[in-house]
Every structure is written in C-alpha cells, then in structure tokens.
Amino acid sequence: MLSRVSRQSWERLFALVWAALLVNLNLTAALSPLLLALALVAEPTTSWPFFLLLSALCGPALTGAFACFSAPESTSTRRFWSTWRRTALSAATTWLTAAALVAVLVLDARFLLGTRWGPALALFFASATTLVTATALAVLTGLAAGATSPRRLLRPCLVGAARRWWLSLASTTILVTAALFVLAAPLPGLLLAASPLLYAAWTQSRLSSLTAAHPTPAARHR
C-alpha cells in the first residue's frame, strides 16, 4: 500500500514537473519576439515605448499559461495554444491598457516624487500601480477560464483587487519578481522560474476574483 501511494505520488509529481516545463517552453515560444528584441537592444529602457507595445505578447501568453495551470493533467501544449488563439486580441488589449496605465503612473511618480508633495503621493502611486496590475491579472485569469469580454470582467475584478488588497499585493509582487528574473536572464528566467512564479500569481488572482464573484455573507451586508 505504501509503495503504491509512493509510486502514485511520484507519478503525479513527475506529471506536474513535466507540465511546468511544457508551460515554460510554450511561454518562451510565445514571447520569442520580445526575447529577441531584448537581446538585440543594448539599453531597453531608452526604447521603452517600443517594448511597451511589444509587451502585448505577454497578455495571451499569460492566459495560455493560466489555462494550463487550471488543468495540469491535460495536454499542456494544445491547451496553451488553443487558449492563446482564443484570447489573443482581448488579452493583448487588456495587457496593453494596464501597461500604459502603469507607465503613466511611473512617469508621473518620477516627476512628482522629487517635489515637496512626493512623500505624500508615494503611497498613492504604489497603491494605484498595485491595483491596476492585480486587476489586469484577474481579468486575464477570467479570460483563461473561458470568459469572452474583458469589459464584463473589469468591475468584479477591480472590486476583488481592492477588497482583497493583500492578495493584490502578493500577485503584483510575484509578477514583478518574474519580470525581473526574465529581464536579468531572459532564457533561464523563462525556462526555470516562469511556471512556479506565474502559478503563484495565478493562484492569488483566482482567489481574489472568486471572492469578488462570490462574496461572503458578511461582505454582502456591508
């Protein structure tokens, strides 16, 4: 009995590791134009508008990964690319909108934090950036689950991100960590660290969106 349980546990662990590896490989393929641009441009920060537009590829890549996370036993590659095709336009639009808002917040913060109002506005910019990022992740999670309209997802995802701010902070921190890994070492970051970090971010976003869609009885009467 013990050997059977142990064997089943090892088989499940191997299946999860294999699924994570496939997700990493599919993410690398989906983001290959962005990786190529990062490799060719010496100073990406000086060409940030170009990379902002090119980052639209991250939207459908994330929905493909999130779809695989929701069903790790299924064929990861087929599920990834079918979700990628289904959500390509809506996910890219969601990502670009959020990226543009975050860019505006960062530029405003850089300008205003050097003034006397800077310390008072620091918390606002940090909170707004976290809210935008967490809402976008929750919308992408909903699109990966089968939703077709980002507009219908926006309000419940925004409410969930604001109400469960600690989950929003966690998912944003994890996503930023994943981005830093990829920017520091694109291929190793995607092939090794992408799945664990994105799975953690997806878990937080899914929990936040679920609590918004199905609030507790106490939350309903507030």
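Keep in mind that glycine also has a Cβ here, set from the backbone N, Cα and C atoms.
Just so you know, TrEMBL annotations never went through curation; they're auto-generated.
Here TrEMBL flags 12-42 (among others) as transmembrane segment.
Tertiary proximity for the transmembrane segment (48-69) is limited to same-chain residues at least six positions away from its ends with a CB under 8 Å from its CB atoms, namely 19, 22-23, 26-27, 30-31, 33-34, 37-38, 41, 76, 79-84, 87-88, 91-96, 99-100, 103, 137, 140-141, 143-145, 194-195, 198-199, 202. According to TrEMBL, the transmembrane segment annotation covers 48-69 (among others).
Taken from TrEMBL, the feature transmembrane segment applies to 89-107 (among others).
Among the features that TrEMBL reports, transmembrane segment is placed at 119-144 (among others).
Through the fold, the transmembrane segment (165-187) approaches residues 28, 35, 38-39, 44, 129-131, 133-135, 137, 193-194, 197-198, 200-201, 204-205, 207-208 of its own chain, all at least 6 residues removed from its boundaries and within a Cβ separation under 8 Å. Residues or ranges marked as transmembrane segment in TrEMBL: 165-187 (among others).
Within the chain carrying the transmembrane segment (119-144), a Cβ under 8 angstroms from the stretch's Cβ atoms is held by residues 59, 62-64, 66-67, 70, 83, 87, 90-91, 94-95, 97-98, 101-102, 105-106, 108-109, 112-113, 150, 153-154, 157-158, 160-162, 165, 167-169, 171-172, 175, 201-202, 205-206, 208-209, 212, all 6 or more beyond its ends.
If one looks beyond the transmembrane segment (89-107) by at least 6 residues along the same chain, the residues whose Cβ comes under 8 Å of a Cβ in the stretch are 48, 52-53, 55-60, 62-63, 125, 128-129, 132-133, 135-136, 139-140, 143, 148-150.
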